[in-house]
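J.: Submitted below is the structure of interest, expressed as structure tokens.
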Amino acid sequence: MSKRQENKKIAFIHPDLGIGGAERLVVDAAVGLQDFGHDIIIYTSHCDLTHCFEEVSSGQLKVSVHGDSLPTNLFGKLHIFFAILRQFYLVCWLIFTGTIKNYDYFIVDQLSFCIPLLKMFCNSNCQVLFYCHFPDQLLVRRTSFLKKLYRVPFDAIEEYTTGSSDQIVVNSNFTKQIFHDTFKKLNHIDPQVVYPCVDTETIVDTNASSNSEVSKFFKDSPFFLSINRFERSKNIELAIKSFARMNKLMVTKAIKSFARMNKLMVTNKKPRLVIAGGYDSRVAENVEYLAELSTLCDELNLINFTIRGKLIMMPPSVDVLFLPSISTQLKNSLIQQTELLLYTPPREHFGIVPLEAMLAKTPVLAINFGGPLETVVNYNGNNLDEATGYTETGDFTKWSKIIMKHYNLDESTKIKLGENGRNRVINKFSRKKLAQSLDNILN
């Protein structure tokens, strides 16, 4: 623990306290700093106690909601305008009630609009830290000239307000470089890197029921796993194409060894690909993308099957299994029992799923770009003392060779890769490490 003269009063300001990756980071940071003895509260414009993390719903963290009565959009448009309006309302409440004077630090993330107001009205010793997950202006699709014109003032506001904070931190060295490339007027600022985390203090959230459900369902048949939201940006087709290519390589190799092929046919222990993740039938892209992935399987002669709910039965001929909207316990059981996690997003600025896999002693294959280069240590055959998986370009032919190579590795090497991954997460990506990094910066 870092040394402090006294515990501080710290307020987080976050737009919508749901269950996304940004919210997970805010909750972990808040709990970690609270465990260090600081007085913590989270201010937000929206928090549904039936759709939030347990630390929030249980009351472990204090949460104060202001501005939820204001709309989030107008006919599906103007999202950024209303996000700013809701945050403005929240900060006005802090100002007019005098509450803004109560804190030693404000930690703001996602939306930087309020920072100049906080600086103007907070007490003279108060400091504001901004946590930049990724520049908001790079997350927006500018599909028309009007949309580009509409974003101009908001992009300028983002750059100005971000630069007005006392401290800026980012979630990876990759995001740090993007920060410099995007905010040209802030080239005098050098953000510090504070990595997101996973909770390493508690046992991975599985139970005997979900573990048994997975093992009985697959009957000791090996499977590879891809976990992502069903969104096109997640590049899940890379996993499918790689798996299809690997299947062809395996068949070619098996034909040369008839006995091995016969064994696979008799025991039905052929490897499968499981694609699981966030899915909402109300979201058009989720529905469309799942259909597109199923069509891709058909084109590649991969028999695919979709299960919504409990794992009970699937045809033995299935190659690819889709599992939309699975529980946390089932997700973690799949991670623990898979041969290899296939992490396919091409421009991920960090990525929590690889950490979850490594914590569960599961090796990871990820694209060698962005955040995963900072979390996954590539196994090159000579670094078994530290490797945790594989990083490779997003070429499905190269991925297929790595998948097959890993599948045929001796068990001791697989175990060592898994142990390395868990140790790396505990040492570099724990909640205590996150809180300690923030605590050091604030002090």
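Cβ atoms are placed via backbone N, Cα and C, with glycine included.
When I checked Swiss-Prot for this same protein, it listed these features:
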- 80-100: transmembrane segment (TRANSMEM)
- Asn173: N-linked glycosylation site (CARBOHYD)
- Asn207: N-linked glycosylation site (CARBOHYD)
- Asn304: N-linked glycosylation site (CARBOHYD)
J.: May I ask you to report the DSSP-based helix, strand or coil state of Asn207 (N-linked glycosylation site)?
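T.: DSSP call for Asn207 (N-linked glycosylation site): coil, neither helix nor strand.
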J.: Any idea what DSSP makes of Asn304 (N-linked glycosylation site), helix, strand or coil?
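T.: Going by the DSSP assignment, Asn304 (N-linked glycosylation site) falls within a strand, counted as strand.
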J.: Say we define neighbours as other CB atoms within 10 Å of the CB. Which of the glycosylation sites Asn173, Asn207, Asn304 has the fewest?
T.: Asn207
J.: Please report how many Å separate the Cα atom of Asn207 (N-linked glycosylation site) from that of Asn304 (N-linked glycosylation site), as a whole number.
T.: 27
J.: If one measures from the C-alpha of Asn173 (N-linked glycosylation site) to the C-alpha of Asn304 (N-linked glycosylation site), what distance in angstrom results, rounded to a whole number?
T.: 38
